[in-house]
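Trainee: Structure incoming, see below.
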């Protein structure tokens, strides 16, 4: 079953087809003439537009390990992209000016005039009007940013899956300016050129911890179904400002994305439902002599009162999976991640760092976006840690420090190396486990979560029971062992019992719960809210949804 939408479309198409009755009384559907293979128009491919001087494929990757960094020697590379709908009818140079802002427009204009930027493998000039189906190529001398030299640690491997401990400062996929300096390419370089990695979960570039790398698409789909079905429990560790409260803290504040360009999110009443469970693992007070380093209203090391407050190591159980959910909830609670360049930046959020400002009464969305956009001009050292959502002019030209040197081959401005503190966010994916106990994987605690010199504190974390118990009544899927039921093409049905209720999950595509009969199905409070949100949006029935389950009475 491709999807509910496609099934409905197929049914509608069948209903619209005329039916002819034969003499025998049987109904037949007239055959619709089909185009022969010769009549069908061949779809263009990138191979159909071979470049006059296509750069040689580099293998093995030209890595250089030094000073704790993994560098990639510059190499020639051809970026390729098909013309998008919004580009049709526009001049080539105009598209580059608005969409590809890594370099000044004068650089791109020169490339177009000398033939380094081509359309359908032909030199066309900057004023060429783009058409549908055209392929744009840019041949350049590629400079990748360095990333951490820490290894991709393998925690478990079998015939289907590799479980790794991802180092911070390394993106998962090739994206933006990163290619060889990515998890999948580093793993390929260590195994074989033919190795294919299929990541099953996502971690931001600066976040470290547990990741699942499938060896086949089928294994990736299988793990993806478990994660989508919300039968996988996840635990993170975070290092936050100040003394976090005692006991389990449950944050149910909805989250809204206020700037897609910057990937910026805030707590908002009209946002998407989100729930995170927190529990303090340890608190470390400020070191002796640091207590008076900053006075109220002043900053210490770029953060207000950081050293006066000390810091806490906090366990985090995200029940839902919104973008930046843990970071946003910690900020709202008044304890943002200590080195978070976005959500713990007092120049953006003010001295309260955005705490308890769910109605934007202290800082409007427009003010926050404006301050964040301006920040790179003055605080390049802080801005360099921003996330991959900002791989545009803001990230590339404001958030990195220029070295003042130029590449001798292509005159590309060169950047200074990032410091170790600019390659890490103190947020770590510690553990993944099946709610039914079928499997569990955990990673070592990162160095920043261990006790500082001269202090005692935990060096390992217990199991997740105490976190799960805090929300077992509202989120029983976290404690249920889901039994796999029937499969309909790409839709896997799962079910389990909790008390007098029977819960069902559509693992993978949850659109089967789109409009349950009210006389048969009853929904929990949070699920009812999610269902209403779905009815009031333009979500297609085949869209992947995070729904904890429908209870059948």
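Each residue, glycine too, has its Cβ placed from N, Cα and C.
Okay, so TrEMBL annotates it like this:
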type	residues	note
REGION	1-55	region 'Disordered'
COMPBIAS	1-36	compositional bias 'Low complexity'
DOMAIN	161-332	domain 'Pseudouridine synthase RsuA/RluA-like'
ACT_SITE	204	active site
REGION	532-553	region 'Disordered'
COMPBIAS	532-547	compositional bias 'Basic and acidic residues'
Trainee: If you count Cβ atoms within 10 Å of the Cβ of residue 204 (active site), leaving out that atom itself, what do you get?
Mentor: 18
Trainee: Provide the three-state secondary structure of residue 204 (active site) computed with DSSP.
Mentor: coil
Trainee: Need one number: mean pLDDT over the domain 'Pseudouridine synthase RsuA/RluA-like' (161-332).
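Mentor: Within the domain 'Pseudouridine synthase RsuA/RluA-like' (161-332), the model's average pLDDT equals 86.
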